[in-house]
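Over in TrEMBL, the protein carries these features:
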type	residues	note
TRANSMEM	A:21-45	transmembrane segment
DOMAIN	A:56-160	domain 'FtsX extracellular'
TRANSMEM	A:176-202	transmembrane segment
DOMAIN	A:184-302	domain 'ABC3 transporter permease C-terminal'
TRANSMEM	A:222-255	transmembrane segment
TRANSMEM	A:275-297	transmembrane segment
Amino acid sequence: MRFQFVLGEVFSGLRRNTTMVVAVVLVTFVSLTFVGAAALLQAQISKLKDDWYDLVEVSVFLCPEGSVAPTCAGGEATDAQVDAVRQIIDTELTDEVSKVYFESKEQAFEAFSERYPDGYQGTQLTADDMQASLRLKLSDAEQFAVVSDVLSGRDGVEIVEDQRAVFEPLFRTLNVATLLAAGLAGVMLLAAVLLITTTIRLSAVSRRKETEIMRLVGASNLFIQLPFLLEGALAAVLGSLLAGGGLWLAVRFMVSDWLERSVDWVAYVSEVDVLRVAPLLVIMAVALAALSSFFTLNRYTRI
Amino acid sequence: MIRFENVSKVYARGARPALDQVSVDVERGEFVFLVGASGSGKSTFLSLVLREQRPTRGHVYVAGRDVANLSAWRVPTLRRQLGVVFQDFRLLQNKTVHENVAFALQVIGKPRHAIRDTVPEVLDMVGLAGKGKRMPTELSGGEQQRAAIARAIVNRPQILLADEPTGNLDPTTSLGIMRLLDRINRTGTTVVMATHDDEIVNEMRRRVVELSDGVVVRDEARGGYGEREAILPDVGASPVLDSPGSGTRAPVQTVRGV
């Protein structure tokens, strides 16, 4: 097979069809940028989770005096009840919980005073206003539901709280943004497939005479179709490279140069993450082109 | 070389078959004229040989292969042993004569040096020596057909199919084309030519297969074109032409200025 000849056909096809090829490049560019943005958002979320989930614990708040929870009918949690709960954690939750410590009311008050040395909003609190709790460090933060199921409803336990819940609104927002980007990407990808299909069809029609002669003199199917395949693939890959480049610039200038300086206590996605996503975009572009070609070519360049 | 065994081809269900139980055997090196009115099945015959279509019933053997049962990916191999020439030449207008002929070799992956050697040879043989750099539009009809023939035989096919190759050409030019086809035939290439040109058929005195409504009605070793209906019906002498002035006079028309 003469590679040079095929390449020549590809470039003459691209030249003849410039406007359509540009359209394909732009549409794949935009659609894959959305795909990449969705991927980077997810990368950002997992980065934040890695960072923050290590800092948070599950708090098992023990019954204070005067609680109305049904498990607190016996008044303030007794030492026996606390021991029973610890026993359960040690036996039933050995896999999920990696560390347990008890925070007494006094310790809670100390921590509170440290954070609010002048009292909280003008009130004067004492250690008795605090609530004792068991602090659990989970080996896997995702296991909260299991822990909560086991411990809730035990005598002396008022409520089991996951400090992760604090981050939920933020993560939910990011997830919604991901969905939005992915949805837009889906629509744009559909447009890209249709456009590539049309481009290949136009190219095939404009070269009908050539393909007719090629068929008659016994050129193989692959040889006839390869230029069209490569044309579509080349345009799509070019679009994906632009998308990768665009994302890289966005992360470089908007995240690394600006966000990281203004809000510096958060771990952000970096150019490395873009480099990790970019190959996937190229693969997607090739898949897109292959899919479109598959639908078109057998109809227009049949032997 | 080409054998049709009880071949029928029906395009649309229920329609009259384009070919009906056709059995023809073309030997290696033969020159065969395929004649018959439009719609008699000549083109279907050729497209079955090329495997552009498959027969509805029967078997078609070309160069020892059962064409009807040939898998799609082996069709190119078959077509490399066939050359085809058409009435409308089908040259690529944006390529020179040389490029047109070279194209047929390029697309089947022939190495460049082989192309460089073969193409001028073939152009020489068809009588286009020195015209390789011309564009098709700069050639006469006969020269264009020669270029098309060059493209068809450049890969040295065993069989040359010609679908009314002289249909667009004047009688003198046609004669040249026929001499060329005859010369190609003498080098051992089997030639099958569909044609309407009775003069050529009568003059060449080669084998003639006549199709009519999809049936072989005649297969003669050294035949002529066959009977043709007179162009005008024979109604006897016209009285008007025989004795002008003796019939009723046409009314005299006068034109006045306005």
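From the backbone N, Cα and C atoms, a Cβ is placed for every residue, glycine too.
Where the annotation comes from TrEMBL, it is an automatic prediction and has not been curated.
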By DSSP assignment, list the helix, strand and coil residue numbers for the domain 'ABC3 transporter permease C-terminal' (A:184-302), in that order.
-> 104 helix, 0 strand, 15 coil
Long-range Cβ contacts under 8 Å made by the transmembrane segment (A:176-202), restricted to residues 6 or more beyond its ends, are 17, 20-21, 23-24, 27-28, 30-32, 34-35, 37-38, 41-42, 45, 228, 231-232, 235-236, 239, 288-289, 291-293, 295-297, 300
Where does the mean pLDDT land for the domain 'FtsX extracellular' (A:56-160)?
-> 80
Could you break down the residues of the domain 'FtsX extracellular' (A:56-160) into DSSP helix, strand and coil, giving a count for each?
-> 42 helix, 24 strand, 39 coil
